[in-house]
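Please read the structure below before turning to the comments.
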Amino acid sequence: MAMGFSWKLWELAFIVLYALAFYALVIHRSLQLSHDNSHRLFGLRPGWILGRLNDLSDPQWRNFRGNLPILMLVFGIFTLVANTIRRFYHLRARGMSLIWSFLSFCYLSYLHGACVVFILLISSMNFFLVKIFARTKYFVYMLWIFNIAVLLLNRVYEGYSFTLFGANLAFLDSYRGTFRWHICFNLVILRMLSFGLDYHWFSFQDSRFDQKKHMQGCYTCRSGKACYFALQERSVPIDKYSFNIYLSYLIYAPLYIAGPITSFNAFATQLDIPQKNHSVGQIAWYGVRWAISLFLMEILTHFFYYNSYASSDIWKNLSPLEIFIIGYGVINFMWLKFSLIWRFFRFWSLIGGVETPENMPRCVNNCYDLESFWKSWHASFNKWLVRYMYIPLGGSQRKLLNVWVIFTFVALWHDLEWKLICWAWLTCIFLIPEIVIKSAAKTFQVRSALGGFIFRELSAISGAVTITCLMVANLVGYVIGPNGINWLISRLLQKDGLHVLFGIFTSFYIGTKLMFHIRDAKQKCWGLGSAIVDWEKQMHKYLDFF
């Protein structure tokens, strides 16, 4: 045991030194690339740090960053008004749904102008579809067909022109607001499906939730609180499935633009009784951490022009090592961008009393398999997919088939683009071997120290392969497109590319070993925390006895 511990300690020391050298190389070459080609890159704007240019080539980040002051002002006013009225009049779900519907409708009127009519019309159609047919045999098919048809038609007709409904309505096309409504409506569709399926399962009393079994394994629920999973799985009373609460759920301002995604059950429960899992101090600290992350993003975009490279054709003239660095940098940029956007809106939702799942709970550099990557990337969407697609489709019994259906839906949900379909199917191709290997690994029992060592090494190699595949899938989906696959492969298989490919694979292998050490440390901490909670409960019982 002592020798094993000593060996792991030496291994960890070597891995940390290698990681430091790896990131020193990446940072040095990234700074050099940004300096040498800044005059040829697009999307660079005057910055505020040391006179450097700022990479604002990503339109999503540029719009979010530019609108931050007005967003903070609007949500500050909204949450202050809603919380003050709730506290003064002691409102529950019914009253708060009216307050948030009104505030959110004002917000949507600014964003979408006259196009709010389309949102209200489609939402009302979905509500009546649910209320009329929820207890019928083929309701689930009807609900999915309706919502997928809306999703596709919204994209095909680009949010519809008012002239389609009559020439006398053409003037309304001049009042379409500042933000395309059909882009935001993708999230509304997920909420409409959530409401319909939650109500359908409530109507048939079809609950798979085992409260007692869940309590045994849930640290949060055992501590006397209610975790998000419990809020999601527990059905709400029939009066909560009203149109007012339904509408406030669909257009709830803090979560409307970007999420995170929450189920109807969880939202309605917290609209009735605000979340208590996060104290005022914890929410404030959450906001401080977000501000620190924003500063890190500013440093990243001022010194490393990864996204500007990806959005131009200059990267085709780079060496294989530099292509890898740009691709690796783009993934990190995307992770930090989405993390900041999602956590900003989650922060205001928490202030409003509604807790949602945390997207990006794990750093992108701490994922060594595809399954854990997708569970942590868009975590709230993953929970939604598991509840409303994966389990109804058969769960783990049909996992190899389910991934194709789910990832195809995810690609279509994002946009009608061929490169996203390629990204989805590439991910499925890479995911299937991982599923098979994991299934086989569960039956494998380590019976000696040597067996444990071999299993750990094979797992690290498998992790390196997975990370490589993940980078390729994301480069195809978000950078080079499907047409660039052959070019990328041929470039990496050239003489200078093979050395880089070997170095990349070795780095991913060592990085996976570092993730193993982090995982082991977390498991020890988790076990200690769980033991403390159990001890506290026993002490409370003992004190209550006296």
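Even glycines carry a Cβ here, placed using N, Cα and C.
Predicted automatically and left uncurated, TrEMBL annotations should be read as such.
According to TrEMBL, the protein carries these features:
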TRANSMEM  12-31  transmembrane segment
TRANSMEM  66-85  transmembrane segment
TRANSMEM  97-122  transmembrane segment
TRANSMEM  138-157  transmembrane segment
TRANSMEM  178-197  transmembrane segment
TRANSMEM  249-271  transmembrane segment
TRANSMEM  283-306  transmembrane segment
TRANSMEM  318-336  transmembrane segment
TRANSMEM  399-414  transmembrane segment
TRANSMEM  420-437  transmembrane segment
TRANSMEM  458-480  transmembrane segment
TRANSMEM  500-516  transmembrane segment
Sequence-remote partners of the transmembrane segment (66-85) [C-beta within less than 8 Å, at least six residues beyond its ends]: 91, 96, 99-100, 103, 107, 253-254, 344, 348, 351-353
Is the count of Cβ pairs under 8 Å between the transmembrane segment (12-31) and the transmembrane segment (138-157), pairs 6 or more apart in sequence, 3 or more? no
Are there residues at least 6 beyond the ends of the transmembrane segment (178-197) whose Cβ is under 8 Å from a Cβ of it, and what are they? 110-113, 115-116, 118-119, 122-123, 126-127, 129-130, 134, 139-140, 143-144, 147, 150-151, 154-155, 158-160, 241, 246, 249-251, 255-259, 261, 263-264, 381, 384, 388, 413-414
Suppose I define contact as three or more CB-CB distances under 8 A, residues 6 or more apart in sequence; do the transmembrane segment (318-336) and the transmembrane segment (283-306) meet it? yes
Distal contacts, the transmembrane segment (249-271) - CB-CB under 8 A, six or more residues away: 74-75, 78-79, 93, 96-97, 100-101, 103-105, 107-108, 111, 119, 123, 179, 184, 187-188, 190-192, 194-195, 198-199, 228, 231-236, 240-241, 341-342, 345-346, 348-349, 351-359, 379-381, 383-384, 387
